[in-house]
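Enquirer: My questions will all concern the structure given below.
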Amino acid sequence: MTDISTGAFERIRTGLPSSPGEARLAQAWRGWQLLRASPAALTGLAIILALLLVALFAPQLAPETPYGQALDRQLVPPSWDHPFGTDEFGRDVLSRVINGARYTLYIVVLVAVIAAPVGLLVGASSGYLGGWIDTLFMRITDIALAFPRLILALAFVTAFGPGLNNAIIAIALTGWPPYVRIARAEALTMRKSDYIAAVELMGASRLRIILVHVVPLCLPSLFVRMTLDMAGVILIAAGLGFLGLGAQPPAAEWGVMLSNGKEYLLSGWWVATFPGLAIFFVCMGFNLLGDGLRDILDPRHEA
Amino acid sequence: MDNGMTQAPLSVAGLGVEFSDFRAVRDVSFDVRHGESFGLVGESGSGKSTILRAIGGLAPISHGTVRFRGEPVRATRSRAFRRAVQMVFQDPYGSLHPRQTVERQLSEPIRILGLDDRMDRIRQAIEQVGLNASFLYRFPHQLSGGQRQRIAIARALLVQPEILLLDEPTSALDVSVQAEVLNLLMDLRETRGLTYLFVSHDLAVVGAMCERILVMRNGEAVELLTGDQMRSGRVSTDYARQLLRASEGYQPGITRREAG
Amino acid sequence: MQDHLLDIRNLRVTFATPAGPNEALRGVSFAMGREKIGIVGESGSGKSLTGKSILGLTPGRASVTADRLMFDGQDMLTMPPRQLRQIRGRRIGLVMQDPKYCLNPVKTVGRQIATAAIAGRGMTMAAARAETVRVLRAVQISDPERVMRAYPHEVSGGMAQRIMLAMMVVCEPDLLIADEPTSALDVTVQLEVLALLDQLITARGMGLIFISHDLRLVSQFCDRVIVMYAGRIVESLAANQLHNAQHPYTRGLMNCLPAIDHKPGQRLPVLKREASWITE
């Protein structure tokens, strides 16, 4: 009985599993094999994992509290004591950048959790059901798509009042239309397929077909698009923070920090530069990972 | 009960199928007798597959009626119909969900119809089509064309249907695999007393599988033949004769004269 | 021996996969003159790949090697790429299974054939137009003027395959590789296209490699049949000697096809694959 685990590992590795759990693991293993072959995607994955870890352990990692003002050490340039320097209130920039990861992750996760499922369900139903439902949903989506995203987010935030949560809601509300488009395009290709016809013939309800059969097939391309979108989400969130419409000072949000730092660009370049670099690297991480996932998940790349 | 045995389990009368501005099937009528294998044969565009889809509820019935055990079917098929009538599609690469394991796909009809003993039924079905339980947790892309088609047949058999609608079940397969799948279908029909409605473009395949054959062209029925008539070439329409001759393959002298 | 149109020795194609190299063609050798040769096999036998590697159409991750690859006395292995392209475009033609994928959907049929004539034979535009009409007539299209103005989606499958034949014929190749040229067509149309292909080949004295899964059709249409299994040639014989086939695979392929007078319900003979076929 000792070789059960090695046997299972062998079955997973060779793609011949013997239980549902092993089948899922085998799929994951295959994905990992593909991901491993792409240095760019691995780099992206490493950056996103770093963001996750930094956000998770921010209090342990940060040398100081992000809000501790010390007016006797304003705008100290980077040094061993303060690797990223200090800002106009003498706060440690490194600690603030590390804590900013939490805001970024919070924004990204909340936007994804709100916008993607809405887009997925609307798009999948629209594509599968067709007819007037499709027409109605798609016209609404077209209207939403017609507005420039940042402007619409600005309008929302102005209406609801500035603040991080309102900014997230605004970004999510403007973020779903592309997901509808993608999910619908995928659902359309499946609508006439024989495997959907087969379950229709068994008398499966429309809801069941959409949830159990259509949605899972929309997920890969949606996931890719979501990853690629996250860079944009971070930029918009930072932009709203920068304009004073997102997170509010003294929050250690990267956009807010950038906005504060712009006053001292000449006398203290480090105040704006390090949050800016953080935004840059995280966006790049999402883009690299998104590109890599597209290569893996897009069946058209499998030859 | 007696009525159920003598009455045609499936009958089609004056069936017409229209898609927006295209009439795919025009005024087609036939009965499928209990336990027989009825063939629909024709070239592409003849409407043979559309008839199957209309019976199954996958294409609209614009004219005429489809009767199941004597009762006209309704737009939403009854539960009894769903259990009794199952379909096997032409392309085994397209008829299985690409991201579900075999076990997941075979569970689906059981779940939809709310039956019990899920794993027992699945094991039984997969063994009936000549595969074994080791295939259960594979994905379709890990199977060969013949294996996929066997899974598709297993899926159709799970709910213990009486009638199988077979839409060119072997035309996407290699000839040696075709022979295996046709043999399997013959075995299943004998052991389970199934009734087949078998669509194919291949006269030889239909001839091997069916007792009665309806020749179709451009959405219309051309000629109803018995298997014996077809095999001995006793056909009355030009089109059926033409199809028969074509099925014999390429004969340089004859064909060239006709083409030229 | 030296006036073979095509002479292939030990052709090997290997694909690099994450699981290691996968040898798809394992030493294919044959020679042919201006005759009709059929290559038959099931999916994965390497029959299409053989045709593609002669034309240099193998995907980038495939490595192709051969001891000899001679076309009409010229060594294609050592030839400069420019010359190779000229041979592959002009002297070896290709007709594929689905004509709809091979025709450019946004150009008219006439334009595509004319372009082939200009590129292949250096004709002027006017001469190419006249030639287009001529070849469309040659493939028995009765109103070439109308067909020339049509877009590929406006013609039927059989018509599209004739157009493909016309496009091939206009270049007047010495060797034609036809990969399942009629499998996507209805049986009755299939025979017309085959008859046409037969005429063109005979009239112009071309060589033909006819790649198909249909052993019976190939034996009726070709002079010689090559049977492939798992990347190798298992048997090569004259078409009219097929009933004397020695290899169990060839015999199995013939037997498992139902004949038109097959009794209903009678089980078909199935092919029992032997592991030894792969190596012997």
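Each residue, glycine too, has its Cβ placed from N, Cα and C.
Values in this document were obtained by computation on a predicted structure and should not be read as measured data.
Relevant sequence annotations retrieved from TrEMBL are reproduced here:
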type	residues	note
TRANSMEM	A:40-58	transmembrane segment
DOMAIN	A:101-290	domain 'ABC transmembrane type-1'
TRANSMEM	A:103-129	transmembrane segment
TRANSMEM	A:150-175	transmembrane segment
TRANSMEM	A:195-219	transmembrane segment
TRANSMEM	A:226-247	transmembrane segment
TRANSMEM	A:267-290	transmembrane segment
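Locate each feature and note its surroundings.
Expert: Only residues 6 or more beyond the boundaries of the transmembrane segment (A:40-58), in the same chain, are considered here, and those with a CB under 8 A from a CB of the stretch are 98-99, 101-102, 104-105, 281-282, 284-293, 295-296.
For the transmembrane segment (A:103-129), the list of distant contacts is 51-52, 55, 137-138, 141, 164, 167-169, 171-173, 175-188, 190-191, 196, 206, 209-210, 214-215, 218-219, 222, 226, 230, 233-234, 237, 247, 251-254, 278, 282: same-chain residues at least six beyond its ends, Cβ to Cβ under 8 Å.
Here the transmembrane segment (A:195-219) has Cβ contacts under 8 Å with residues 120-121, 123-125, 127-129, 182-183, 186-187 of the same chain, all six or more residues outside its ends.
Counting residues 6+ beyond its ends, the transmembrane segment (A:226-247) has Cβ neighbours under 8 Å at 103-104, 107-108, 111-112, 116, 149-150, 153-154, 157-158, 162-164, 167-168, 170-171, 175, 178-179, 253-256, 258-259, 279, 282-284, 286-287, 289-291, 293-294 in the same chain.
Tertiary proximity for the transmembrane segment (A:267-290) is limited to same-chain residues at least six positions away from its ends with a CB under 8 Å from its CB atoms, namely 40-41, 43-48, 50-51, 75, 77-78, 84-85, 87-88, 93-94, 96-97, 100-101, 104, 224-225, 227-228, 230-231, 234-235, 238, 254-255, 257-258, 260-261.
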